[in-house]
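Novice: The following block contains the structure, expressed as structure tokens.
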Amino acid sequence: QKGYSFDSSALERAADAARQLERSRNAKEAFEIARLQEYTKQKEYEAAAKQAELQMQSLRTEQIRVAEEERRKTLTEETRHARARAEHQDQLARKRQEEELATKARMQAESLKKQEESVRKQEAMRKATVEHELALKHKYDLEKVQAETHARAKAARENRDVNLEQLRATEEERRKTTIEKIKSVF
């Protein structure tokens with residue numbers, strides 16, 4: 001049966017060393033040296049722990065500084081992006097406004113052009129109407145003059161015929177009177 005076997009040789013050696021140390025006349029000094037060494041080790045351990053704590057604190061401070069720097073960079077970048085977005089939005093708004101103004105000006109120009117065209121058409125129609133009225137008046141005046149001239153000519157012809165008839169009648173009467181006078185004398 002194999003079981004657990006304890007090797008006690010190390011303990012025995014330590015016990016022998018302790019006994020020899022007690023028998024030694026330098027035991028007290030050795031103990032004091034051992035105590036001082038232990039105290040020194042303790043202080044070194046505490047100093048190392050303090051150094052480790054300081055390093056941890058420094059690391060935490062550095063982490064905080066790095067995090068703060070990153071936060072500041074992020075904030076700066078976000079601010080820059082926000083400013084760029086705002087400028088872009090402003091440019092878009094200005095462009096929209098310029099396009100709206102250009103469209104409005106174009107529409108006003110087209111409206112003005114249509115109004116001018118309408119005025120030109122109305123003026124042309126008015127002019128055509130006046131010219132037509134003048135042409136009609138001229139035509140009627142010519143017809144009136146022609147009618148009056150024709151009427152005067154007709155009246156003059158009729159008057160001439162009447163005058164000739166009267167002249168013939170007067171001459172005939174005068175001739176008869178003259179003949180009767182001659183007959184009465186002879």
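Every residue gets a Cβ built from N, Cα and C, even glycine.
Sequence annotations record features per position, and here TrEMBL assigns compositional bias 'Basic and acidic residues' to 13-25, 62-103, 111-126. Among the features that TrEMBL reports, domain 'ATPase family AAA' is placed at 3-186. Among the features that TrEMBL reports, region 'Disordered' is placed at 1-25, 59-126.
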Novice: In the compositional bias 'Basic and acidic residues' (62-103), how many residues does DSSP call helix, how many strand, and how many coil?
Specialist: 42 helix, 0 strand, 0 coil
Novice: Over the span of the compositional bias 'Basic and acidic residues' (111-126), count residues by DSSP class, listing helix, strand and coil in order.
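Specialist: Tallying H, G and I as helix, E and B as strand, the rest coil: 16 helix, 0 strand, 0 coil.
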